Amino acid sequence: MATADEQEEEMRMRLPLPLGGRVAIVTGASRGIGREIALNMAEKGAKVVIHYSSNQHAAEEVASIINNKSPSSGDGVRAIVCKADVAEPSQVAQLFDTAEHAFGPLHIVVNNAGVTDSKYPTLAQTSDEEWDRIFQVNCKGAFLCSREAAKRVVRGGGGRIINISSSLVAMPIPRYGAYTASKAAVEMMTRILAQELRGTQITANCVAPGPVATDMFFAGKSEAAVEAGVKSNPFERLGKVEDVAPLVAFLASDEGEWVNAQVVRVNGGQV
């Protein structure tokens, strides 16, 4: 005879998953925030395309975790990987083609892929090449993926475009000029896109994390710089990827439909 806990778990498993039947692309999903977003969405029922640009092994590891720990839906493979340069239109189109071929119509696109300059130069010290590199991935990449999503994501309900920005846009900090400018552009682009998608029931929002304990955050920072980030937060800690992913999944769900054209800053009250 099943225990009370076992009965409760069985009942929970029978409940419809909030992202059940949905298909999602998550860019930059091989590590960091993107990895956790992909894992969280899969746990909530979505089939997920794990996009990566260089680290195939890490991307395949994420897909393996999802496929080895699938909800009891019996629908086979629920995650695949796909390499693409998000700043190249043809490769972005191929990414979407791959997703549709594997899983059918798309519902959710999370544009998370991003880069920064771990040397943290001032604007006066920022090279043309570095400025262009950051804008190519962070801004053009988000634009190309959002443009493709606007054409391909399902209409009539359940369509979601979620761009990952940064709380730095709301707190201009020296030596993040190119990165912050690229994310500011993404925020305004997203708000305009939401208005242009009027009548489709596709929502477009930004999630803007504060400092999160990822490889990208730690790269090039001294212990003192990290500690300063910790102390500046009311919680006196860095954010965790687990602080961000559930919010993204909420925006992707039916419950998040009335949130549209918004920038949601998730930073523990830092700004």
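From the backbone N, Cα and C atoms, a Cβ is placed for every residue, glycine too.
Listed in sequence order, Thr116, Asp117, Ile134, Asn138, Ser166, Leu168 are the same-chain residues at least 6 apart in sequence whose CB falls under 8 Å from the CB of Tyr179 (active site, proton acceptor). For Tyr179, the entry in Swiss-Prot reads active site, proton acceptor.
Counting only same-chain residues at least 6 apart in sequence, those with a Cβ under 8 Å from the Cβ of Ile25 (NAD(+) binding site) are Val48, Val49, His51, Leu95, Phe96, Ala99, Leu106, Ile108, Val109, Val110, Cys145, Ala149. Swiss-Prot lists 25-49 with the feature NAD(+) binding site, giving similarity to another entry as the kind of evidence.
Annotation comment: Swiss-Prot describes Ser166 as substrate binding site, evidence class similarity to another entry. Ser166 (substrate binding site) is surrounded by 27 other CB atoms, counting those within 10 A of its CB over all protein chains shown. Classification of Ser166 (substrate binding site) by DSSP places it in coil, neither helical nor stranded.
In three-state terms derived from DSSP, Tyr179 (active site, proton acceptor) belongs to a helical segment. Around Ile37 (NAD(+) binding site), the C-beta neighbours below 8 angstroms that are at least 6 residues distant in the chain are Val26, Ala29, Val110, Asn112, Val244, Ala245, Val248, Ala249. Around Val49 (NAD(+) binding site), a 10 Å sphere centred on its CB holds 28 further CB atoms from the protein chains shown.
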